[in-house]
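Peer 1: Structure provided below as structure tokens; questions to follow.
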Ligand SMILES: [Zn+2]
């Protein structure tokens, strides 16, 4: 085996990326593509707690 370099596709733009130490942002082709992917993940995650602001249910009754 003379060739040990793996080629992967950038998840963001599908550019071929060489899987080697020099490819700092692998599996992404660049820092920009990595930030785009992380940004999408973060914004999607942000919506979850916002929906739970008003939990459904009856207000607690105070005993008389
Ligand atoms: Zn890319």
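The backbone N, Cα and C atoms fix where each Cβ goes, glycine too.
Pulled these features from TrEMBL for this protein:
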BINDING   10, 13, 29, 33  Zn(2+) binding site
Peer 1: Can you give me the residues near the recorded Zn(2+) site, meaning same chain, not 10, 13, 29, 33 themselves, Cβ no more than 8 Å from the center of the site's Cβ atoms?
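Peer 2: Output for this site, in sequence order: 11, 12, 14, 15, 17, 28, 30, 32.
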Peer 1: For 10, 13, 33, listed as binding-site residues, tell me which one has the smallest number of other Cβ atoms within 10 Å.
Peer 2: 13
Peer 1: In sequence order, which residues at least six apart in the same chain have a CB under 8 Å from the CB of residue 29 (Zn(2+) binding site)?
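Peer 2: In sequence order, 10, 12, 13, 15, 16, 17 meet the Cβ cut-off.
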Peer 1: Tell me, by DSSP, whether residue 29 (Zn(2+) binding site) is helix, strand or coil?
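Peer 2: Coil, per DSSP.
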